[in-house]
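Per Swiss-Prot, the features are as follows:
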{"type": "BINDING", "residues": "Gly69, Gly70, Arg91, Asn196", "note": "substrate binding site"}
{"type": "SITE", "residues": "Lys34", "note": "site 'Transition state stabilizer'"}
{"type": "SITE", "residues": "Lys256", "note": "site 'Transition state stabilizer'"}
Amino acid sequence: MTDAPVISPLDQARILSEALPHMQRYDEETIVIKYGGHAMGAEDTAKAFARDIVLLEQTAVNPVVVHGGGPQIAQMLKRLGIKSEFAAGLRITDAATIEIVEMVLAGSINKQLVGYINEAGGKAVGLCGKDGNMVSASKATRTMVDPDSRIEEVIDLGFVGEPEKVDLTLLNQLIGHELIPVLAPLATSASGQTFNVNADTFAGAVAGALRAKRLLLLTDVPGVLDQNKKLIPELSIKDARKLIADGTISGGMIPKVETCIYALEQGVEGVVILDGKVPHAVLLELFTNQGTGTLIHK
């Protein structure tokens with residue numbers, strides 16, 4: 001491991017000065033940050049992310065964190081001898097699996113991240129979409145074409161949900177009291193059934209309801225890549241749809257970009273897909289001229 005470069009006091013002051021207009025831009029604005037399970041990585045990475053979230057709050061930004069946990073869920077299921085199955089990029093979640101998913105997301109990852117933020121000097125509150133009926137959901141359905149018969153079939157994903165409504169009562173109270181909400185992507189149906197919700201989709205629904213200034217999707221890739229695998233720094237909704245249609249955007253990036261489009265259509269000003277493994281990625285995106293990742297806008 002190489003030593004970090006030494007920055008002179010003058011350079012440190014210059015960096016802070018250059019960040020001022022960006023800080024003013026986001027003053028009292030709400031930023032929703034989806035922190036993916038792959039982006040969490042090691043403990044030091046998660047703690048650095050937590051410090052950056054506290055810094056945002058200290059600069060009068062209102063951060064709302066939504067976290068994933070796919071790798072951690074997979075690890076726990078493997079330990080318990082429960083096989084993981086996926087369809088259309090979503091985990092098929094049966095009755096046994098939803099209990100593990102809730103335990104890992106709301107009981108382990110959520111509280112760990114809350115602890116890191118509080119340790120860094122923030123005041124975080126850990127919740128999931130079930131708390132206060134914050135996020136209500138309905139059963140998600142997907143279709144797939146059978147490769148042999150070419151017949152379209154409906155896939156039963158089990159207890160996987162799609163957000164239907166976001167009640168902002170609890171979130172607005174927390175934000176108004178300068179607390180940092182940390183949300184696990186679980187929701188409940190009208191009948192009280194718990195649903196596992198894709199974290200990107202959950203974050204998009206929350207950001208749209210809040211009319212957030214920015215939605216940041218921290219993942220394990222640099223952003224949207226072109227056909228030469230180079231980062232595309234900026235896209236309009238129209239551009240993004242063209243890239244989906246011609247196959248440039250494919251695989252797991254499609255639902256991420258569709259979440260971005262949905263959030264923008266709900267009133268979010270801009271959405272960024274960026275690499276959460278890059279140190280201080282959130283600060284680089286919000287407080288520097290260059291930014292990082294791919295910005296998608298109207």
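Every residue, even glycine, has its Cβ placed from backbone N, Cα and C.
Same-chain neighbours of the substrate site beyond Gly69, Gly70, Arg91, Asn196, judged by a C-beta within 8 angstroms of the site's C-beta center, are, in sequence order, Gly37, Gly68, Ile73, Ala74, Thr93, Val101, Val104, Leu105, Pro185, Asn198, Ala199. Cα spacing between Lys34 (site 'Transition state stabilizer') and Lys256 (site 'Transition state stabilizer'): 11 Å, rounded to the nearest whole number. DSSP assigns Arg91 (substrate binding site) to a strand.
For the pair Arg91 (substrate binding site) and Lys256 (site 'Transition state stabilizer'), the Cα-Cα distance reads 16 Å. Neighbours of Gly70 (substrate binding site), defined as other CB atoms within 10 A of its CB across all chains, total 18. Around Asn196 (substrate binding site), the C-beta neighbours below 8 angstroms that are at least 6 residues distant in the chain are Arg91, Thr93, Ile98, Val101, Glu102, Leu105, Phe159, Val160, Gly161, Pro185, Leu186. The CA atom of Gly69 (substrate binding site) is located 16 Å away from the CA atom of Lys256 (site 'Transition state stabilizer').
Residue pair Gly70 (substrate binding site) / Lys256 (site 'Transition state stabilizer') shows a Cα separation of 15 Å. Note on the recorded positions Lys34, Gly69: the fewest other CB atoms within 10 A surround the CB of Gly69. There are 21 other CB atoms within 10 A of the CB of Arg91 (substrate binding site), with all protein chains counted. If you draw a 10 Å sphere around the CB of Lys256 (site 'Transition state stabilizer'), it holds 25 other CB atoms from the protein chains shown.
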